[in-house]
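Encoded as structure tokens, the structure appears first; notes follow it.
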Amino acid sequence: MQDTVSADRVTHSDLANAVRVLAMDAVEQAKSGHPGLPMGAADVATVLFTKFLKYDATDPTWPDRDRFILSAGHGSMLLYSLLHLTGVKGVTIDELKNFRKLDSKTPGHPENFMTPGVETTTGPLGQGIATAVGFALAERMLNAEYGDDLVDHHTYVLASDGDLMEGISHEAIALAGHLKLNRMIVLWDDNGISIDGPLTLSDSVDQVKRFQACGWNAVRIDGHDPKAIQRAIARAQKSDKPTLIACKTTIGYGAPKKAGTSKAHGEPLGAEELAGAKTALGWSHTPFEIPDNIRDAWAKAGKKGRRLRKAWADRLKALPADKRAEFERRATGVRPQGLADAIAKLKDRLVAEPQNVATRKASEIALEVITEAVPELVLGSADLTPSNNTKTKNLNAISPGNYAGRYIHYGIREHGMAAAMNGIALHGGYVPAGATFLVFTDYARPAMRIAALAGIPAIYVMTHDSIGLGEDGPTHQPVEHLAALRSMPKMRVFRPADAIETAEAWQLALERTDGPSTLALTRQNLPQVRRDGGIANLSATGAYELSPANGKARATIFASGSEVEIALAAQKLLDEQSFAVRVVSVPSLDLFLAQPEKVRARIIGDAPIKVAVEAAVRFGWDSVIGPDGIFVGMHGFGASAPYKDLYKHFGITPEAVAEKVLRTHNL
Ligand SMILES: Cc1ncc(C[n+]2csc(CCOP(=O)(O)OP(=O)(O)O)c2C)c(N)n1
């Protein structure tokens, strides 16, 4: 009987089978889930967790732990079983029994904000492996700052066929290979099966060759042979490149009929098959029962890193107090004291010397100050650095093997960039800000959505934010993107009107620690409309009265970004006709809509006519102007022409605004 065996005689198979049966039982109880991957990958995961992974289950957020990322999030029960067996607090057997139930710590796919020990939310295939690149990069960058004593760990990924088929995987592995992120080790669950059936239905890529071509080591092993797994990981740890270990496995390992077929992928095994699997695995215990000796052996594995963690904590303690405090501040994501003051000073300077510049340039001006005040801010661009204005003079770019820098040339990889940014932020120690054109948020959006869902404070610097970019034409002119981003829960979208609002937007984005922010910035120059500096951040309510009416307001014009200038000019035109109008600047429509009703009512005011001006689609503005409000903006895609001609062509002009207001008034 296995449960009479003493802890030190527990075998690898006992340990791996414990993972398998917990996954099988939990999926069976939930009546849904994916047993195949945990059953197939249990050997690989068991070797990793018991022999290599540097972690201490009693402190799953220890900064120098190895990271384990289950990229194939559908196999979540693999991770929950491991967290439970190693003794992560909160991941109890009852949580496993409540797999996929409301409010459990065991949701269908892993969520880092739900479950201790889960490093990142995964589920959309490809995201995990791409996020892991950010983890591995942040580790090297922090290592370059703080040295081996404080930062010296690996990033392990368990990826499935689907992860490697997704396009994002290519952006991710190309970047990791180029940067020589040798602390990144991908264990590929090479089972040749996906949902529709054998992979041969749709794929014939030689993944080993693909990874090698991207600058990786890549080897093939038997993923059920613990010795082979151990040898491969040990070798990978010594490599100067990232490593792919293609682990040949059988999906649903142990299941008599379903093993090796897509039937094991995503549904409970069923009573008969489950019983057959347990028999085949030599497992004779009741559901969710783990014999004490196996439980003890797993618990021992969970404590394996305790000594290392304590030694690390001692080294941290031995640091000079200021260095230690700074490391702890950054590791815990607390923003530096000086940020608000630095922004206030910058605003005062802008009041003294107004800057009529594009907001992308205003962003660069702000970054000159912010990068000094916020040493953890890491900038980058997907090959549009000179257009995005993200590289300030004081930033050095990292390069392969040299990670002492705060600028990342992500290459033309918007999706990979956004996912890597998630990893950089989740790793800790850094706030990532990455840039491209606003229209290409479509390419980055799946990772931006993960950031929003998982509460990751990444910052997207999205320039060329409207038809105002001009000649590049409609492929490059976003029209629906502001609305699309504003509709994403927990995403904050800023579209500042001038240099001062841009500084305020940066401050609000950086002060936010529970979710991502997008800064939509112009290509074209704008006048500085604000003349007030100081500590108060007027953009913090999302909207504010920028220019009061000359008398009792008969209309309010709401505008964002480059159209604030148009709103002010329209106000002047109407004023000349003794028609009093106020202008409300709306640097963040979504932030404004999140304000308490009283605040919104005060800012919206009671002028009978409401107008919104934004060079984008109307979607979302009705919440401010109502369905009968006047909207001056885009009603379709843009066109290729100098931007001033486009504004005239699409009727987004002060004259058009004034004319519509008067026409409505005279109805
Ligand atoms: C982006 C994305 N597309 C589709 C899915 C739905 N889906 C979940 S698992 C899977 C493929 C399963 O094959 P594989 O990755 O080999 O996993 P295994 O069958 O080995 O568990 C698909 C298409 C998803 N989770 N993410």
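Glycine residues also receive a Cβ, built from the backbone N, Cα and C atoms like all the rest.
All TrEMBL annotations are machine predictions without curation.
Database features, via TrEMBL:
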ACT_SITE  Glu414  active site, proton donor
BINDING   His34, His265, Arg360, Ser387, His464, Asp472, His476, Arg523  substrate binding site
DOMAIN    357-528  domain 'Transketolase-like pyrimidine-binding'
SITE      His34  site 'Important for catalytic activity'
SITE      His265  site 'Important for catalytic activity'
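Structure with TrEMBL features highlighted.
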| residue | record | DSSP class |
| --- | --- | --- |
| His34 | substrate binding site | coil |
| His265 | substrate binding site | coil |
| Arg360 | substrate binding site | helix |
| Ser387 | substrate binding site | helix |
| Glu414 | active site, proton donor | helix |
| His464 | substrate binding site | coil |
| Asp472 | substrate binding site | coil |
| Arg523 | substrate binding site | coil |
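Summed and averaged per residue, pLDDT over the domain 'Transketolase-like pyrimidine-binding' (357-528) gives 98. For the substrate site, whose binding residues are given in the record as His34, His265, Arg360, Ser387, His464, Asp472, His476, Arg523, the maximum C-alpha distance rounds to 49 Å. You'll find the Cα of His34 (substrate binding site) roughly 31 Å from the Cα of the residue listed as 'active site, proton donor'. The Cβ of Glu414 (active site, proton donor) has Ala382, Thr436, Phe440, Thr441, Tyr443, Ala444 as same-chain neighbours under 8 Å, each 6 or more residues away in sequence. Among the recorded positions His265, Ser387, Glu414, Asp472, the residues whose Cβ lies under 6 Å from any atom of ligand 1 are, in sequence order, His265. Take the CB of Ser387 (substrate binding site) and look out to 10 A: across all protein chains shown you find 16 other CB atoms. The binding-site residues examined here are His34, Arg360, His464, His476; by Cβ neighbour count within 10 Å, the least packed of them is His476. All protein chains considered, the CB of Arg523 (substrate binding site) has 21 other CB atoms within 10 Å. Compared over the binding-site residues His265, Asp472, the count of CB atoms lying within 10 A of a residue's CB peaks at His265.
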